[in-house]
Amino acid sequence: MNQEELRKALRLYLVMGSPNCSGADPYDVLEAAIDGGITMFQLREKGPGALQGPALLALGARLRRLCAQRAIPFIVNDDERLALELEADGIHIGQEDAPAAAVRKRLPNMIVGVSAHDLGEAQSALAEGADYLGVGPQYATRTKLDAREAQGPAGIARMRAGGIQLPLVGIGGIDATNASAVIRAGADGVAVVSAIAGARAPREAAEALSSLLYL
Ligand SMILES: Cc1ncc(COP(=O)(O)OP(=O)(O)O)c(N)n1
Ligand SMILES: Cc1nc(C(=O)O)sc1CCOP(=O)(O)O
Ligand SMILES: [Mg+2]
């Protein structure tokens, strides 16, 4: 995938694991979200009741297959071995995970996404070979318990003003009320968990977000 294709894929990025699905089957939630217009998916199995071992591998394989059938890039959060086992399209790592340069080297053919919270971290991620950045939290979130303080879309604007041209998504507390502000600040897309996975109707929630992002 070239950089322009990646920018498009990042437009509406669903990040999700089974703890985010309010008891629904994550497969059904993902399928509905794809029907509603998501453009990229990250398996992030974290939080109370998170699956591990063979159960996680089995869920990952089902979700991976669905993404392949529907031509949705499939990214794995944090776990290089799982990403390889599932033949993922990419991996997302944060500042507390393995160093981006080492991951880039070990997984030369995967998309490597890196979390960056300020211009310095964005410059380092670029130098280490990141393909895209996740910048957050944009707004207060209850999904990631160890999230930093909300920085607002101004953090993205500062990265763009500082010369960062890498594909970039905002994440954290994003929903239909604030997604447009994140795009206006310079993001290529928005990454959401609860606004879709926690919605009563994930397809409609994805449709509503998608319609805002293509104005
Ligand atoms: C697209 C995207 N952006 C940021 C993150 C957060 O990654 P990280 O800081 O490593 O935190 P965890 O998700 O691992 O708890 C992300 N997952 N995706
Ligand atoms: C996975 C994640 N990363 C964040 C960061 O700031 O890097 S915030 C976050 C959780 C986003 O969940 P929701 O859309 O429900 O707020
Ligand atoms: Mg991480």
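These residue numbers are counts, starting from 1, taken along the chain as shown.
Note: Cβ is positioned from N, Cα and C throughout, glycine not excepted.
What TrEMBL says about a protein is an automatic prediction, not a curated fact.
Reduced to three states, the DSSP call for LYS46 (4-amino-2-methyl-5-(diphosphooxymethyl)pyrimidine binding site) is coil. The number of other CB atoms found within 10 A of the CB of LYS46 (4-amino-2-methyl-5-(diphosphooxymethyl)pyrimidine binding site), across every protein chain shown, is 17. As annotated by TrEMBL, 4-amino-2-methyl-5-(diphosphooxymethyl)pyrimidine binding site applies to GLN42, LEU43, ARG44, GLU45, LYS46, ASN77, SER115, LYS144.
The number of other Cβ atoms within 10 Å of the Cβ belonging to ASP78 (Mg(2+) binding site), over all protein chains shown, comes to 18. The Mg(2+) binding site annotation in TrEMBL covers ASP78, ASP97.
The domain 'Thiamine phosphate synthase/TenI' feature in TrEMBL is assigned to 12-196.
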(request) Quick one: of the binding-site residues GLN42, ARG44, LYS46, ASP78, ASP97, flag those whose CB is under 6 Å from ligand 3, and say none if nothing qualifies. (result) ASP78, ASP97
(message) Just to confirm: which same-chain residues, 6+ apart in sequence, have a Cβ under 8 Å from the Cβ of SER115 (4-amino-2-methyl-5-(diphosphooxymethyl)pyrimidine binding site)?
(response) HIS92, ILE93, GLY94, GLN95, GLU121, LEU133, GLY134, VAL135, GLY136
(message) Give me the count of other Cβ atoms within 10 A of the Cβ belonging to LEU43 (4-amino-2-methyl-5-(diphosphooxymethyl)pyrimidine binding site).
(response) 28
